[in-house]
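J.: Structure below; questions to follow.
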Amino acid sequence: MSSLQILQGTFRLSDTKTLQLPQLTLNAGDSWAFVGSNGSGKSALARALAGELPLLKGERQSQFSHITRLSFEQLQKLVSDEWQRNNTDMLGPGEDDTGRTTAEIIQDEVKDAPRCMQLAQQFGITALLDRRFKYLSTGETRKTLLCQALMSEPDLLILDEPFDGLDVASRQQLAERLASLHQSGITLVLVLNRFDEIPEFVQFAGVLADCTLAETGAKEELLQQALVAQLAHSEQLEGVQLPEPDEPSARHALPANEPRIVLNNGVVSYNDRPILNNLSWQVNPGEHWQIVGPNGAGKSTLLSLVTGDHPQGYSNDLTLFGRRRGSGETIWDIKKHIGYVSSSLHLDYRVSTTVRNVILSGYFDSIGIYQAVSDRQQKLVQQWLDILGIDKRTADAPFHSLSWGQQRLALIVRALVKHPTLLILDEPLQGLDPLNRQLIRRFVDVLISEGETQLLFVSHHAEDAPACITHRLEFVPDGGLYRYVLTKIY
């Protein structure tokens, strides 16, 4: 029986990036779905399975005789090439309508009219065979390319994002055709963006995060794992309404168009050694910033200025939430606008308590709960738990029984219950494995995009940023100091 096996595989993506596939076996007749967000490495996985990526370490062994990979990029190129014929000298004598027919596209590599007709019947596109390919709809072009791939009778077919750009009816129709292919004995691999795209017939599944195959297994068992189930739940949250704050947010007292942070030529030094050196930075309403740089660059020092904790804040031209530092404001005038989560807070949260109580403690800015909790606060926290996809059993389980990423996510929600003006996440991915990192990024995107809180996301690497980031402040080594690069993310 044919199979493809990868053991401790490291595949080259670029000079600085690799794809990690610890262990994977595809047997003849299997149907697999691999799910990952943009940048997770799922398209690289498709190429690795097809034997198109250099193997740096480990083993890749395949007994499949004919592997075919199809991607959305290939489809786009084919359509583009057909339209390009109008702008070239590829016109034949007397030809006034350039572009090949659907039948010609299907038989591009294998000329076999009876098989072409058989496949067209199987995919319901016989009426399109004489039509110019470039005039077909997205769903029709997808079926045409599948027919083209099947002309050569592959024994392993890899489809990269086959449902992308299709409407609900077209997705269902394509899934039914793929189920028929699977029943005919073809080994099938689907690479997908979302868990809810996995067709019912699929037997096995895997999850990619940070260019690592993080989990694999029988589909139903995998989808029931707590982390995977929570990631799948996050796909259903678009447009969700966040729970109200228990009391009106301090944000509402701020003028709508007033900058949240203004630092002009900021300087902080220790023993005459500059830590921040003439940094000018402004955070306007609606902006979400990533602050990125190596250890010792001054990121934490900048955060301590923003939170009002650094004594040299008074000697700088610094305005926080409309109040110039040193103008009579108290530390609490600043902190009422800020939610803060760091790995050190995570380590400090050592009290023995439940997940529910950790989130409730956000209403009191305490580690643990030492006062009465109102019925309204209990109801609001239940709404937050529902958004996180945490059931009652898990909510009332010990906080430290959750995965490290789930704990950190609970602390992020703890910081959000008051709907602060600014949420500061200081190295929120530190110490997390790829799947937990993906969990944090995904929920941060949801929670920030559906609310009005602004984000400061601090990390070592630009690629750590969640999708909601609009601007980046980068600390770049420059001699013995650092220079500052401010970028708008498009």
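Just so you know, glycine gets a Cβ as well, placed from its N, Cα and C.
What Swiss-Prot shows for this protein is this:
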type	residues	note
BINDING	G36, S37, N38, G39, S40, G41, K42, S43	ATP 1 binding site
BINDING	G293, P294, N295, G296, A297, G298, K299, S300	ATP 2 binding site
DOMAIN	4-235	domain 'ABC transporter 1'
DOMAIN	261-489	domain 'ABC transporter 2'
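How about a rundown of where these features are and what they're close to?
T.: All protein chains included, G39 (ATP 1 binding site) registers 15 other Cβ atoms within 10 Å of its own Cβ.
Here S300 (ATP 2 binding site) comes close to D426, V458: these same-chain residues lie at least six apart in sequence, with C-beta atoms under 8 angstroms from its C-beta.
Confidence in the domain 'ABC transporter 1' (4-235), given as mean pLDDT, stands at 87.
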J.: Tell me the Cβ neighbour count for G36 (ATP 1 binding site), meaning other Cβ atoms within 10 Å of its Cβ, over all protein chains shown.
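T.: Cβ-Cβ neighbours of G36 (ATP 1 binding site) within 10 Å number 26.
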J.: Spatially speaking, which of the binding-site residues S37, S40, K42, S43 is closest to A297 (ATP 2 binding site)? Use C-alpha to C-alpha, please.
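T.: So, of the listed binding-site residues, the one sitting closest to A297 (ATP 2 binding site) is S40.
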J.: Select the most exposed residue of G41, G293, P294, where exposure means the fewest other Cβ atoms within 10 Å, treating these as the binding-site residues.
T.: P294
J.: How big is the gap, in Å, between the Cα of S43 (ATP 1 binding site) and that of P294 (ATP 2 binding site), rounded to a whole number?
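T.: One finds 29 Å between the Cα atoms of these residues.
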J.: Return the residues near N295 (ATP 2 binding site), defined as same-chain residues 6+ apart in sequence whose C-beta is under 8 angstroms from its C-beta, sorted by sequence, else 'none'.
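T.: Result: H460.
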J.: Please list, in sequence order, the residues in the chain of S40 (ATP 1 binding site) that are at least six apart in sequence and whose C-beta is under 8 Å away from its C-beta.
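T.: Looking at Cβ-Cβ distances below 8 Å from S40 (ATP 1 binding site), excluding near sequence neighbours, one finds L208, A209, D210, C211, Q438.
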